[in-house]
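*Asks:* Taken from TrEMBL, the feature transmembrane segment covers 75-96, 108-130, 151-172, 206-222, 229-248, 268-289, 301-327, 347-370, 399-421, 427-447, 484-505, 512-533 (among others). Per TrEMBL, the feature domain 'Cationic amino acid transporter C-terminal' maps to 514-564. The compositional bias 'Basic and acidic residues' annotation in TrEMBL covers 576-587. For 588-599, the entry in TrEMBL reads compositional bias 'Polar residues'.
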Amino acid sequence: MVGMSEDGGATKRRGCACSKEDFLPEDSFRNWGSYVAALSETGPRLKDRLLTRSLDATELNEVRARSQHEMKRNLSWWDLIWFGIGAVIGAGIFVLTGLQANGVSGPAVVLSFVVSGVSAMLSVFCYTEFAVEIPVAGGSFAYLRVELGDFMAFIAAGNILLEYVIGGAAVARSWTSYFATLLNHDPEDFRIHATSLSPDYSHLDPISVVVIAVVCTLAVLSTKGTSRFNFVASIIHVVVIVFIIVAGLTKADTRNFTPFTPFGVRGIFKSSAVLFFAYVGFDAVSTMAEETKNPAKDIPIGLVGAMSITTLAYCLMSATLCLMQPFREIDADAPFSKAFEAVGLGWAKYIVAFGALKGMTTVLLVSAVGQARYLTHIARTHMVPPWFAKVHPRTGTPINATVAMLVATAVIGFFTDLGILSNLLSISTLFIFMLVAVALLVRRYYVSGETSDPDRNRLVACLALILGSSIATALYWALDEKGWVGYVVTVPIWFFSTLALHLFVPMARQPRLWGVPMVPWLPSASIAINIFLLGSIDAKSFMRFGVWTVLLLVYYFTIGLHASYDTARESTDPTALKKVEEGDSKGDSTVSTAKVVNE
């Protein structure tokens, strides 16, 4: 079947076939000769992609149209709040709290949740402005493509996908642990120990695979149906959380808060970096912007509301846990269940285990919805095969992307230990959130064709100083446990570079519908705290992160670069496309054409 593309050209509309054309339809992959020729042009093509920036309207119209079918707009701010609660409150609070309180931060784990929550809230504000202005399924990938260009967007995209796969795998393994607790078994009883494998990968978890398969089925059927299920399940979850807080506080002993900071300030921040895992998931809500009825109203209320409720719940729950038991006695695998058992409320552990299982199920479900939409939008740009971009005409959901992501999640969850997953997840997430904050500053202070060269240079200098001082602070924190002189240098550099950006670089753009307050201070603070928390993560996790980044670059230079380069030049009017890709406002005629074609 042949139909008109968004740029007016002919585009093949294929059915369910899985041929080479579904995965590598671009000119660079027609034959080996074309591929060798494309590889020989890697340098110029990379330069083109490094300098290329997309338009808001390009993402909203032309790129979105490549899925062939529209996603259904049927979500309200109420749906988004419950999606946010369902996406976030899960394995992080029910599993990692015990691990961190027991051996890293003590009762001060409450402050660790506050620090992580502040960092997450700053990122929520940055995400919200983008999601309102560019309400597409691509989330941070689309935002970075518009402001920082194709190459940085791809690096972020790889880490976004890693974040979701690892996050889902970690939650699925935690689901097995609490399921075992619910049935009066040890958390490891339902796993298979393969002694021939490395210790970190030898505890095989078949139950996690079954749970992921069920979640995958629900996610592909209907987004609105998923929302209804999540709403009901999240209400039950809130009731369980209230029960944990109220029942736990009846057994509170303030003496358990002494000493409050047994591991010092460093322990608080080390826990904050790992506990950031507990806030991962809200970015999945931003990927649903394409399916909201009124993005300008629904997204700010949904995202900020969900994060506020979540942060309050985490602080109250962690405080309750530490008041119930001395921190040294808190169980690392199932802390809340074991705590109730220890204070003589053994029957309550079943309610806790049930609530934890429900919470982890909704986290997996919302994560499945979010990760599929990320992959869909990335595939629309052909950085990954366009087969993943297809939206099913009946369900209005990206079935191919959903299944592919959850298969990868199931494989990782089957083999990998939770400790490895949580640290690696935090690196990817903090890195992405930092990039989104940088992109927001670029968006506010730089518009192609309007910002003067001196203003652009001042912006670059200020951003370089903000990033450099933040990295230096994090490195000093990681390498010198008792020093303080370095902070006297790095922190003022961050402050004065942000002040210089505020005073000496004119703002080039104001948000049309909803904007982050206190720019540039709020996004600059988001950059600083995200990078600082990265400095508290162990070296082995950074090594694994480095391996993943190398694999991403190998794929990009051999496939992704050439596929996206060809796709960007498939327009029948190369001049108009060039204007759009560079962010020239005069390219709006192309956008208008796309809108007409879509309608």
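Placed from the backbone N, Cα and C atoms, the Cβ positions cover glycine too.
Heads up, TrEMBL stuff is auto-annotated, nobody curated it.
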*Asks:* For the domain 'Cationic amino acid transporter C-terminal' (514-564), would you mind checking the mean pLDDT of the predicted model?
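*Replies:* Summing pLDDT over the domain 'Cationic amino acid transporter C-terminal' (514-564) and dividing by its length gives 87.
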*Asks:* Can you tell me which parts of the same chain pack against the transmembrane segment (512-533), counting only residues 6+ beyond its ends and a CB-CB cutoff under 8 A?
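*Replies:* Here the qualifying positions are 115-116, 118-119, 122-123, 125-126, 128-129, 132-133, 269, 272-273, 276, 295-296, 299-300, 426, 430-431, 433-434, 437-438, 440-441, 444-445, 466-467, 469-471, 473-474, 477, 494, 498, 501-502.
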*Asks:* Write out how many residues of the domain 'Cationic amino acid transporter C-terminal' (514-564) are helix, how many strand and how many coil, based on DSSP.
*Replies:* 40 helix, 0 strand, 11 coil
*Asks:* Residues of the same chain, at least six outside the transmembrane segment (75-96), with any C-beta under 8 angstroms of its C-beta?
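*Replies:* Residues 170-171, 174-175, 177-178, 223-224, 227, 230-231, 233-234, 237-238, 241, 274-275, 277-282, 284-285, 288, 291-294, 297-299, 301-303, 305-307, 309-310, 313-314, 317-318, 333-336, 356, 359-360, 362-367, 369-370, 418, 422.
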*Asks:* May I ask whether the transmembrane segment (229-248) has at least three C-beta pairs under 8 Å with the transmembrane segment (268-289), counting pairs 6 or more apart in sequence?
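*Replies:* No, the stretches stay apart by this measure.
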*Asks:* Taking 108-130, 151-172, 206-222, 347-370, 427-447 as candidates, which has the most Cβ pairs under 8 Å with the transmembrane segment (301-327)?
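*Replies:* That would be 108-130.
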*Asks:* Which residues of the chain, 6 or more past the ends of the transmembrane segment (206-222), have a CB below 8 A from one of its CBs?
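*Replies:* Cβ under 8 Å, 6 or more out: 168-169, 172-173, 175-176, 179, 190, 192, 229, 361, 364-365, 368-369, 372, 392, 395-397, 399, 402-403, 406, 409-410, 413-414.
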*Asks:* What residues in the same chain, six or more past the boundaries of the transmembrane segment (108-130), come closer than 8 Å to it by Cβ-Cβ distance?
*Replies:* 97, 100-101, 139-140, 142-143, 260-263, 267-269, 271-273, 275-276, 278-279, 282-283, 286, 299-300, 303-304, 307-308, 310-311, 314-315, 318-319, 322, 327, 430, 433, 436-437, 439-440, 443, 511, 514-517, 522-523, 525-526, 529-530, 533
*Asks:* With the transmembrane segment (347-370) as the reference, find which of 151-172, 427-447, 484-505 contributes the most Cβ pairs under 8 Å.
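*Replies:* Top-ranked stretch among 151-172, 427-447, 484-505: 151-172.
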